[in-house]
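What follows is a short report on a single structure.
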Amino acid sequence: MASDSSSASEQLVLSADPKHPANLICELCRGFYRLGWVTGTGGGTSIRHHDHIYIAPSGVQKEMMVPTDMFVMDFHSKEYLRKPQALKPSACTPLFLAAFTKRGAGCCIHTHSQWAVLITLLVERESGPDACFEIEQMEMIKGIPKGPGKQGALSYFDRLRIPIIENTAQEEDLTEALEQAMDNYPDTYAVLVRRHGIYTWGDNVHKAKTQCECLDYLFQVAVEMKKLGLPWTNASLADGL
Ligand SMILES: CSC[C@@H](O)[C@@H](O)C(=O)COP(=O)(O)O
Ligand SMILES: [Zn+2]
């Protein structure tokens, strides 16, 4: 028979509500797997719901997870309220926390999308704070908010900028560069990681998912444009690129 503490722990993740974060993370990751975003155990999703942060385990097939696999952390103390035995929390945890603490996000999605990876290889600018993907005059730009504290979304004529940071051997070692990119690009809702993927966040699950889908669409179009010799911005057009 389960002890009181283990049943209290289970109650943090067991719910018949499909919108409960522990259910949503499993459902979202199954969808992201079909898009090729979280294959081979890579990538993942974390949700903040009030004072609780829901985190997937590390190194597991993200499309096979069940709600009882989820870790639950207290947002304020950063202590684990729930730690499934024999599992470790995702190595992405400090990066997800950066989105929750620095940006007030409600959901952060990490993908290994091949389109995101290819974009980081196609952006020719050197590494450093100036490395960013830029595109304008694309309808899907309108799916990205203007910035934290700003009303509305980018317009068709606005230029979308997504910073790129360099990959590291260990996922958690990306944290400092990700936080620096957030500071350097105060309006951004995403950071690309060269030869690795992307971190995207939003105020809630619906917004984070929408933004991640719009960005991935733009990355795919941009890769195809590059192959056709088409410029991503009007400035590139003027440069004759
Ligand atoms: C294919 S292993 C990929 C991992 O090292 C990492 O990049 C990743 O995104 C997932 O880390 P995880 O700790 O399994 O949640
Ligand atoms: Zn990763």
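Start at 1 and count along the chain as shown; that gives each residue its number.
Any Cβ shown, glycine's included, is placed from N, Cα and C.
Annotated domain 'Class II aldolase/adducin N-terminal' per TrEMBL: 23-223, in sequence order.
Here TrEMBL flags Cys92 as substrate binding site. Under the three-state DSSP scheme, Cys92 (substrate binding site) falls in the coil class.
DSSP assigns His110 (Zn(2+) binding site) to a strand in the three-state reduction. What TrEMBL records for His110, His112, His196 is Zn(2+) binding site.
Look at TrEMBL and you will find Glu139 tagged as active site, proton donor/acceptor. Sequence-distant neighbours of Glu139 (active site, proton donor/acceptor): residues of the same chain at least 6 apart with a C-beta under 8 Å from its C-beta are Tyr156. In the three-state DSSP assignment, the secondary structure recorded for Glu139 (active site, proton donor/acceptor) is helix.
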For this session: Give the distance between the Cα atoms of His110 (Zn(2+) binding site) and Cys92 (substrate binding site), rounded to the nearest whole Å.
Result: 8
For this session: Can you tell which of Cys92, His112 has the least company, meaning the fewest other C-beta atoms within 10 angstroms of its C-beta, among these binding-site residues?
Result: His112
Seminar exercise, completed: Cβ proximity for His196 (Zn(2+) binding site), under 8 A, sequence spacing 6+, ordered by residue number, returns His112, Val117, Thr120, Asn167
